[in-house]
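Chemist: Following this message is one structure expressed as C-alpha cells.
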Amino acid sequence: MPTVISASMAPQTGAEPRSPGPVPHPAQGKTTEAGGGQPSGIYSAIISRNFPIIGVKEKTFEQLHKKCLEKKVLYLDPEFPPDETSLFYSQKFPIQFIWKRPPEICENPRFIIGGANRTDICQGDLGDCWFLAAIACLTLNEHLLFRVIPHDQSFTENYAGIFHFQFWRYGDWVDVVIDDCLPTYNNQLVFTKSNHRNEFWSALLEKAYAKLHGSYEALKGGNTTEAMEDFTGGVTEFFEIKDAPRDMYKIMKKAIERGSLMGCSIDTIVPVQYETRMACGLVKGHAYSVTGLEEALFKGEKVRLVRLRNPWGQVEWNGSWSDSWKDWSFVDKDEKARLQHQVTEDGEFWMSYDDFIYHFTKLEICNLTADALESDKLQTWTVSVNEGRWVRGCSAGGCRNFPDTFWTNPQYRLKLLEEDDDPDDSEVICSFLVALMQKNRRKDRKLGANLFTIGFAIYEVPKEMHGNKQHLQKDFFLYNASKARSKTYINMREVSQRFRLPPSEYVIVPSTYEPHQEGEFILRVFSEKRNLSEEVENTISVDRPVKKKKAKPIIFVSDRANSNKELGVDQESEEGKDKTSPEKQERSPQPRLNNTDQESEEQQQFRNIFKQIAGDDMEISADELKNVLNKVVNKHKDLKTRGFTLESCRSMIALMDTDGSGRLNLQEFHHLWKKIKAWQKIFKHYDTDQSGTINSYEMRNAVNDAGFHLNSQLYDIITMRYADKHMNIDFDSFICCFVRLEGMFRAFNAFDKDGDGIIKLNVLEWLQLTMYA
C-alpha cells in the first residue's frame, strides 16, 4: 500500500529560521497503487533510461502500413510479440491463451461502432480498472479522444493488421504502433472488451498502453490520474473528500464543463478488501469514472446528482437515484429524459451528491490546462518543464529528515515575476502549481522497481543571492525554513499541489523520502503569470593558481607522522635504497626546484630523497612512484586505501610529465608531491568520522575546495567511477579522481587557444590525449 505523510503531521511552514523541523515518518495511506522500490543501476548517471519503446514519428506508422499493403502481409510487431513475454513477467498463467486477430474472432470486425463511448469498455481478467476508468472519462471529450485514438483506422479499408495510438510521455507525445493480435480463451477476449462483440478499439488501446509499459501485467494496480495524464498531458489534483472544500460540487461541475477528467475511489483498510462489493452495491478499492453532474427537480426541491461508471460494465449502486430506485416514478418524464435514465446493467448510475461524499473517500481531477477551478473565469497558465534524476551517492539525498544529504538533491530556481490579476484580492501574490512526477517506474517493475515515496519543499532565496545560480549548500537548509512544501510524501507517480507566494526567487527541492534511492523525474511548474524555472547548475571551471614571485617553503615531516600530520617522505623511508653510485651522483644533472640561487634546507632534503628514489637517471618511473606512494600512505593508518595501482601512477606521471618522457624529473615530482599533500588536507577535512574514507555526497564540496567547479552530471560520473558499493571513497580513489580532473582541465585549457570554452581535435590529437591521460 502507498505511504503518505498527512498534512496534519507535517510541521507548519514559516517556522523559526533555526528550526525548519523534520519531515514526519510516512503513515499508511489508502490508494489503489502498491509502492516501495529499490534503486536502479548507477549507470543512469550518464545514460538516460528513458528509452522510447518505439519511434515517435507519425511517419513510422505510415511507412510500416504502406510496406505491409505493398507486400500484402499482415503486420507482426517484433517489439511486442504475441506470446507470453508480452503478457506476464512474474508468473505463468495456468491456462494457455491463443492470440487471434479480430477477423479470426468474429465476422465483420469493426474498429469503432457508432462512436467511441464509455459503454464500449468492459474490464477483463486484468486488474487495470484505473486505466479503464480513465478511458471512460476520455470518451466524454471527442477532441481528446481522437488525439489518443487516430480515427483513420479500419478493419475494412486498407486493413494490414497494424494500428497506432498516441500517449503523452513526460513532456512528449509518442506514437505507439502495434499489431492487432489479441489474447483469447475459448475464442473470447481475455482482457478489455466492448459490449459489442465485433468492436475492438478499447481492446487495442489497452494493448498499446501495455506495450508502452512493457507487458499487460505492468498495468495491474494504479491510479486513474496516471492514465488521465498519459491521455492528455494535463496535471492532476487530489482531494480527500472528507477534507474537501465547501464548494466541492462547484469545483466538480466546472471541471466537467472544462473537459477535465475525474475519477474517484473508496479507500480500503486492509488489502483483502480490495474490489469487495459493499451492501450498497459500491466496490471498495476500485476506480470509478465521474461522467456527469446535474441538478434534478424532485418533489419540488433541487437535488444535486453525480453520475458514475464502474469500468466492469456491471455492479452498480443500489441506493437512491440508482437505475432501479423505486422513487423514479416521482420524477418528471422530461427530467428523466434529460438524465437519460434507463434500467440497464451497464455499470453507469446516478447517485445524490450527499451519498457520493458519504461513501467515496478520494477524488482525482486531471486539469487539461491547469486552470484555477475555484475561479469564475478561465485563466491561461504558463508552464515550465524540467527533467532530472536522483543518483545514489551523489544527488539522492532524501527528505529534510536527512540534513547531511538533503542539500545534495537537485535544485530548481523558480522566479515568480508577476503577481496575479485578481481585483478582489488585495495581496501581492503569485499563484502556481508544482507537479513532481517520477519516470518509468511502472515500466521497470519487471526489474523489481516500484514507486518511490516522493515530495518536494520550496525555499525562498535571500535577496543577496538572487541571480546566483550556485547550488545551495548544507548550512542554508539547516538555518532556513521552507516557505511551502507538498502536503504529503507518497508513493504515487505524481505529487502535485497549488501554492500562493509573493513575487520573489525561490528554490524547489524535489526528493524521495529516503536517501540513496535512484530514479528519474520530471518537475512541472504551472503559474498564472510569467515565471522562470530552471535547474541550478554550477558553471564548469577550475581555479587557476595565482603566480607568485617566490614559492613558499615546503614542509616535510617524518614517515612516522600521525593522523594529524601531512604525508611526508624522508631519508629513512628509502634507507638502503640508494641506487646511484657516488660517481653517478656526482655526474647526475642537478635540476633546481625554483629559480632562486639558494635552496632552503627543506628543498635540499627533498633533493636528496629524490636522488635515492630516482636512481642513476634522476627520473622516477611509474613503478618507482607506486612504491614510494604506497610505502608512505601505508604508514598512515588513518587513511583507508587499497594502494595506488600502477595505472594510477601512470596517470599521475601523465599529469605532471611536461617533457613527454613518461617519467618525472625533480621539478615535476616536487609539483606532484605538493598537490598530493594539499589534496590530503581536503580529504582529512571531510573524513569527519575518521574512517579513512569520505562519503560520496561530500565529494561535491571536496572537489569544490580543490578548485574544480563541476555540474551535476559530472558529479554523477565521479560517484559512479570512484565510489564503492557503500558510497564511500578511499584515499587512493580520491587522489586518482583529483589527478584526472587536474589533467583533463589542463589539457582542455592547452587546446582552448582563444579561451571561448570550445576545442576542436582531430582523431590523432584525441587519441593522444585520451591514451596518455
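Placement of Cβ uses the backbone N, Cα and C atoms for every residue, glycine included.
Since the structure is predicted, the reported quantities are computational estimates derived from the model, not experimental observations.
Annotations for this protein, taken from TrEMBL, read as follows:
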- 1-11: compositional bias 'Polar residues' (COMPBIAS)
- 74-369: domain 'Calpain catalytic' (DOMAIN)
- CYS129: active site (ACT_SITE)
- HIS286: active site (ACT_SITE)
- ASN310: active site (ACT_SITE)
- 574-589: compositional bias 'Basic and acidic residues' (COMPBIAS)
- 591-604: compositional bias 'Polar residues' (COMPBIAS)
- 674-709: domain 'EF-hand' (DOMAIN)
- 739-773: domain 'EF-hand' (DOMAIN)
Chemist: I'd like to know the mean pLDDT over the domain 'EF-hand' (674-709).
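Modeler: Here the mean pLDDT over the domain 'EF-hand' (674-709) amounts to 89.
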Chemist: Quick test of the contact rule: Cβ under 8 Å, at least six residues beyond the ends. What residues does that give for the domain 'EF-hand' (674-709)?
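Modeler: That would be 393-394, 397, 404-405, 408, 471, 473, 538-543, 554, 563, 566-567, 629, 637-641, 715, 718-719, 722-723, 727-731, 734-735, 737-738, 741-742, 745.
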Chemist: If H, G and I count as helix, E and B as strand, and all else as coil, what does DSSP give for ASN310 (active site)?
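Modeler: Where ASN310 (active site) sits, the three-state DSSP reduction gives coil.
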Chemist: Any same-chain residues 6+ apart from ASN310 (active site) with CB under 8 Å of its CB? Would you list them in sequence order, or say none?
Modeler: VAL283, HIS286, TYR288, GLU316, GLY347, GLU348
Chemist: Taking 10 A as the limit, how many CB atoms besides its own sit near the CB of HIS286 (active site)?
Modeler: 24
Chemist: So for CYS129 (active site), how many other CB atoms are inside 10 Å of its CB?
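Modeler: Other Cβ atoms within 10 Å of CYS129 (active site): 25.
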Chemist: Tally the residues of the domain 'EF-hand' (739-773) by DSSP class, grouping H, G and I as helix, E and B as strand, and everything else as coil.
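Modeler: Helix, strand and coil residues of the domain 'EF-hand' (739-773) number 23 helix, 0 strand, 12 coil.
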Chemist: I'd like the per-state residue tally for the domain 'EF-hand' (674-709) from DSSP, helix first, then strand, then coil.
Modeler: 23 helix, 5 strand, 8 coil
